[in-house]
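Sequence annotations record features per position, and here TrEMBL assigns compositional bias 'Low complexity' to 217-234. TrEMBL lists 216-242 with the feature region 'Disordered'. According to TrEMBL, the repeat 'PPR' annotation covers 44-78, 79-113, 114-148, 302-336, 372-406, 407-441, 442-476, 477-511, 512-546, 582-616, 617-651, 681-715 (among others).
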Amino acid sequence: MIHQGLTPNNVSYNTLIHGLCQLGYLREAHNLFKNMHTNGNLPNTYTYSILLDGLCKQGYLGKAFGLFRTMQSNYSKPNLVMYNILIDALCKSGNLRDARKLFSELFVKGLRPNAQIYTTIINGLCKEGLLDEALEAFRNMEEDGCPPYCHAREEKGKNRGRSMMTMVAAAVKRGGSETMATGSQTQRCQMKMMGMILLLSPTTSSLLSSNHFNTISSSSSSSRSSSSSSSSSSNKQKHDGASSFRDIEDALASFNHMLHTKPLPCVIQFTKLLSAIVKMGQYYDAVISLSRQMELAGLSPDIYTLSILINCFSHLQRVDLAFSVFSKIIKLGLQPDVVTFTTLINGLCKVGKFAQAVEFFDDMVARGCQPTVYTYTTIMNGLCKIGETTAAAGLFKKMEGAGCQPNVVTYTVLIDSLCKDKLVNEALDIFSYMKAKRISPDIFTYNSLIQGLCNFRRWKEASALLNEMMSLNIMPNIVTFNVLVDAICKEGKVSEAQGVLKTMDKMGVEPDAVTYSSLMYGYSLRSEVFEARKLFDDMITKGCKPGVISYNILIKGYCKAKRIDEAKQLFNEMIHQGLSPDNISYNTLIHGLCQLGRLKEAQDLFKNMHTHGILPDLFTYTILLDGFCKQGYLGKAFRLFRAMQISYSKPNLVMYNILIDALCKSGNLRDARKLFSELFFPRIYTTIINGLCKEGLLDEALEAFRNMEEDGCHPNEFSYNVIIRGFLQHKDESTAAQLIGEMRDRGFVAEDYVKFVMVKRSASTHARPLSVVAGALLAEYAIRVFDKICEQTFETLIWRFAEAK
């Protein structure tokens with residue numbers, strides 16, 4: 001065609017690109033796509049849809065999203081077909097979180113999801129066991145203009161039928177006999193009334209004839225009721241749902257119109273409008289202000305309006321005001337539901353008030369409100385974030401005992417926390433338990449475990465998990481690849497890491513700042529700063545903006561190579577790019593300057609820290625002290641040391657060692673002795689005693705402990721607990737008991753670990769292992785992590801050991 005002097009049009013290109021994609025020739029399809037631009041043909045929505053579909057079907061989600069975002073910046077109008085392609089691919093890959101995010105983006109863009117998109121997202125939610133959310137989405141179909149019961153063409157009818165069948169199948173899997181229907185005839189009649197042309201599978205037909213559910217029945221009756229109400233008010237149709245609004249200005253204009261309508265629309269209409277604004281994700285203050293205007297207009301808020309307010313205050317981290325609204329709910333005699341409680345619990349966790357969150361959770365249960373899997377998972381996640389994995393594990397067990405089955409998110413939260421606590425074997429036990437319960441792991445579960453295994457250099461197991469993941473069609477994402485690249489680079493195997501980078505390219509996963517930083521770190525370890533710089537420049541060329549960590553790695557590489565001026569240049573470049581250097585940035589450069597004897601510049605940089613609001617840490621002071629002492633500036637070193645004691649107040653042993661060494665080398669033994677005498681305080685003694693205990697030198701540890709008082713240094717509670725722990729760990733209970741008696745006489749209290757071990761030793765040696773994590777962990781693990789267990793758990797442990805005896 002081209003040789004004949006004819007110019008291919010969009011139809012020509014689209015047809016050929018579609019054919020190539022169908023055969024899996026994506027590289028050629030992509031080249032043809034680029035050729036369109038060269039020949040002055042602008043791709044249209046069909047072109048982008050074809051390529052997106054091809055990339056997704058081949059599992060190249062990274063490239064698909066890259067193309068999608070490029071199209072948005074160039075073309076700016078993605079359609080429903082594109083969104084459905086991407087949402088479907090995300091759901092199939094187990095990435096429900098991003099699928100939900102993309103689904104929400106539809107409303108922000110002013111698009112109405114069709115039945116096909118709703119069916120896709122409902123199917124994804126059902127597969128993850130999130131039936132409440134699936135049912136909510138199912139019922140929202142009507143509000144968004146595609147009711148599951150409306151008369152439509154055959155293909156649309158099939159989509160709605162699939163939505164219904166998805167819900168039925170998922171409900172059966174949950175096995176809820178409490179949702180039994182009154183009879184199959186009623187079910188069939190309701191489906192007929194919906195106007196659906198259903199191609200029922202044998203499974204679905206048998207389910208209906210078995211009287212399994214009225215969940216769908218209640219959904220359809222609810223929809224009919226809603227439809228009746230809808231038809232009675234044209235104003236409601238005008239203002240319902242997020243899809244009615246182009247943007248926040250449109251929503252506010254709608255609110256203003258409603259507020260001046262006579263008579264006023266009911267509170268439900270206002271509440272739906274507020275809910276739509278909340279879904280936009282950032283206008284929480286506006287919603288609070290609008291709710292006040294509603295009350296001033298004489299509208300009394302209902303439980304849903306007040307729950308929306310609680311959600312807004314929680315997002316703004318004003319949990320105090322959220323609880324004020326909760327108090328109002330109680331005073332008005334309204335009944336808070338599980339959503340209200342869960343929103344407040346989530347708000348408490350967001351501001352780090354985990355103890356109050358657990359207390360409020362107990363209050364919720366006491367009020368007869370049964371927590372959902374989301375409620376449990378929210379608290380578990382909060383506990384794990386503060387290192388209370390044991391408490392989270394206890395809640396996990398309690399959750400199962402209450403008949404609330406954990407989902408993939410719940411398991412992943414616990415697995416991730418165990419891996420971060422370096423309890424990888426226990427995490428793998430939970431992983432096995434999860435699969436035995438037929439809960440399918442997702443990409444986040446695998447990423448957590450692969451990270452944990454790589455941290456312990458358990459490469460074979462990490463590789464096996466990666467292969468298992470891919471065999472289940474869960475493709476590695478950027479996080480997976482970053483974990484692998486980081487682990488390989490830390491081993492100094494940069495060439496292998498480059499191989500991972502090539503695999504990423506083949507799979508359509510674009511490297512990010514973390515990927516590049518890991519590779520740069522690997523090259524810096526090998527003193528190959530040229531290669532590190534080359535990567536840094538490539539990173540910028542490819543549009544990946546380096547962060548502070550990337551700059552710090554390269555600055556350290558230059559300092560290590562004694563190319564300090566280039567390091568300084570890079571430091572200044574970082575500031576010009578609008579990035580704020582952190583303590584590591586300053587410490588690295590100060591250290592490099594000190595090593596080359598450029599103390600004046602190092603001192604200027606130290607002062608510059610204060611100017612930019614960065615407080616020097618112990619490392620900063622240690623670096624400068626060492627620099628001054630090595631150059632013979634002892635006066636400056638001591639002035640800095642005393643200034644640090646005033647401002648920071650906690651010099652460490654390294655600093656003392658630097659100064660004492662410098663004084664001794666300069667022949668000033670008197671001041672060296674004087675400084676040495678400052679070391680004799682309980683913390684130093686305790687450190688020495690702890691070290692001796694760990695080495696099993698208990699006699700010397702006890703001698704050092706007795707010498708404390710002779711040197712005028714009285715042992716404190718911490719000192720006692722350290723030495724008692726040492727004797728207990730080496731099974732010398734008699735000496736430990738004697739020391740416990742002493743500490744009690746002095747008014748000190750033994751730590752929980754000491755109490756626990758003493759109770760355990762006094763109990764039967766045949767006591768059964770304590771199940772700490774869902775029945776999977778043994779008593780030894782409980783002992784290791786016992787110092788994290790709350791008092792209530794401690795009492796439970798005592799009771800169990802006593803019972804065993």
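Yeah, the Cβs are placed from backbone N, Cα and C, and that goes for glycine too.
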Positions on the same chain near the repeat 'PPR' (512-546), where near means CB under 8 A and six or more residues out: 478, 481-482, 485-486, 488-490, 492-494, 497-498, 501, 504, 553-554, 556-558, 560-561, 563
Given the repeat 'PPR' (442-476), which of the listed stretches 79-113, 582-616, 681-715 has the most Cβ pairs that are under 8 Å apart from it? 79-113
Between the stretches 44-78, 407-441, 582-616, 617-651, which wins on the count of C-beta pairs under 8 angstroms to the repeat 'PPR' (477-511)? 44-78
Apart from its near flanks, which chain residues at least 6 from the ends of the repeat 'PPR' (302-336) lie with a Cβ under 8 angstroms of it? 267-268, 270-271, 274-275, 278, 284-285, 287-288, 291, 294, 343-344, 346-348, 350-351, 353, 367, 369
Would you list the DSSP helix, strand and coil counts for the residues of the repeat 'PPR' (79-113)? 26 helix, 0 strand, 9 coil
Spatial neighbours of the repeat 'PPR' (79-113) far in sequence, C-beta under 8 Å, 6+ residues away: 45, 48-49, 52-53, 56-57, 59, 61, 64-65, 68, 71, 120-121, 123-125, 127-128, 130, 144-146, 242-243, 245-247, 276, 279-281, 440, 442-444, 473-475, 477
Across the repeat 'PPR' (582-616), DSSP labelling yields 26 helix, 0 strand, 9 coil
